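All remarks here apply to the structure that follows.
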Amino acid sequence: MEPEDLESRTPTAVRTVFGEHAESAAEFVAMLASHGVERGLIGPREVDRLWDRHVLNSAVLAELIPEGARVVDVGSGAGFPGIPLAIARPDLDIVLLEPMARRVEWLTEVVETLALSVSVERGRAEEKVVRRRIDVADVVTARAVAPLARLAQWCLPLVKPSGELLALKGQTAAEEIERDRSAVRKAGGGDPRIVRCGAAVLETPTTVIAIERVESGAPGVARKRGRKKH
Ligand SMILES: C[S@@+](CC[C@H](N)C(=O)[O-])C[C@H]1O[C@@H](n2cnc3c(N)ncnc32)[C@H](O)[C@@H]1O
């Protein structure tokens with residue numbers, strides 16, 4: 001898809017969500033549809049739904065993120081939701097965290113091509129060395145990375161107290177919350193809430209599980225372990 005397809009394929013929603021940055025969003029779509037497919041970052045069947053299912057679906061998350069926030073996007077893959085967010089909201093300080101070298105290389109190229117002020121870090125969210133390197137953020141985002149319990153264990157330590165984990169989820173959001181509520185609490189999260197974003201612009205709004213970081217996580221377990229050593 002060429003950037004000029006912006007007008008024909010994507011009407012007002014793109015302008016509404018990206019405003020003056022709509023051309024950058026179209027350039028990202030064009031990169032994904034060509035090199036992204038060739039390099040196996042997205043499947044060829046995704047090309048026709050890049051805008052709705054991926055780019056807009058990610059960018060509407062901006063509704064939940066405060067001005068100037070520091071954001072870590074865990075498991076960015078081909079760039080979701082971190083790249084559309086960075087295009088729509090240049091006020092954010094965004095770090096894209098991704099363990100796979102091939103994807104890190106792609107993300108770095110996208111950031112350079114679109115001249116985005118975003119850092120790309122290689123690593124896994126649960127690694128201590130990674131946590132120390134990237135430090136805590138106001139908001140941690142993740143899409144299609146892991147089931148909620150694991151996501152909470154990996155991501156909540158990266159969230160500042162009172163900050164939030166925003167996990168993009170599909171139809172299973174309510175079930176995941178029921179199943180994993182106690183694991184979320186153990187990992188230092190508050191009561192998960194389901195929020196829908198982009199209702200004004202998307203046929204299917206984005207479903208997000210929002211979890212506030214309320215404590216440092218499993219304090220009882222940590223204390224017990226500490227006592228055993230002495
Ligand atoms: C299914 S892909 C989703 C990519 C992207 N978020 C999206 O929605 O298109 C999952 C991504 O999470 C990354 N990932 C898996 N485990 C991770 C971890 N422990 N920490 C950070 N990223 C991880 C994978 O390398 C992969 O790129």
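First residue shown is number 1, and so on along the chain.
Glycine residues also receive a Cβ, built from the backbone N, Cα and C atoms like all the rest.
Here is what TrEMBL records for this protein:
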{"type": "BINDING", "residues": "GLY75, PHE80, ALA125, GLU126, ARG143", "note": "S-adenosyl-L-methionine binding site"}
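Feature map: annotations from TrEMBL on the structure.
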{"residue": "GLY75", "record": "S-adenosyl-L-methionine binding site", "Cβ neighbours (10 Å)": "23"}
{"residue": "PHE80", "record": "S-adenosyl-L-methionine binding site", "Cβ neighbours (10 Å)": "26"}
{"residue": "ALA125", "record": "S-adenosyl-L-methionine binding site", "Cβ neighbours (10 Å)": "25"}
{"residue": "GLU126", "record": "S-adenosyl-L-methionine binding site", "Cβ neighbours (10 Å)": "15"}
{"residue": "ARG143", "record": "S-adenosyl-L-methionine binding site", "Cβ neighbours (10 Å)": "23"}
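Pairwise Cα distances among GLY75, PHE80, ALA125, GLU126, ARG143, the recorded S-adenosyl-L-methionine-binding residues, top out at 19 Å.
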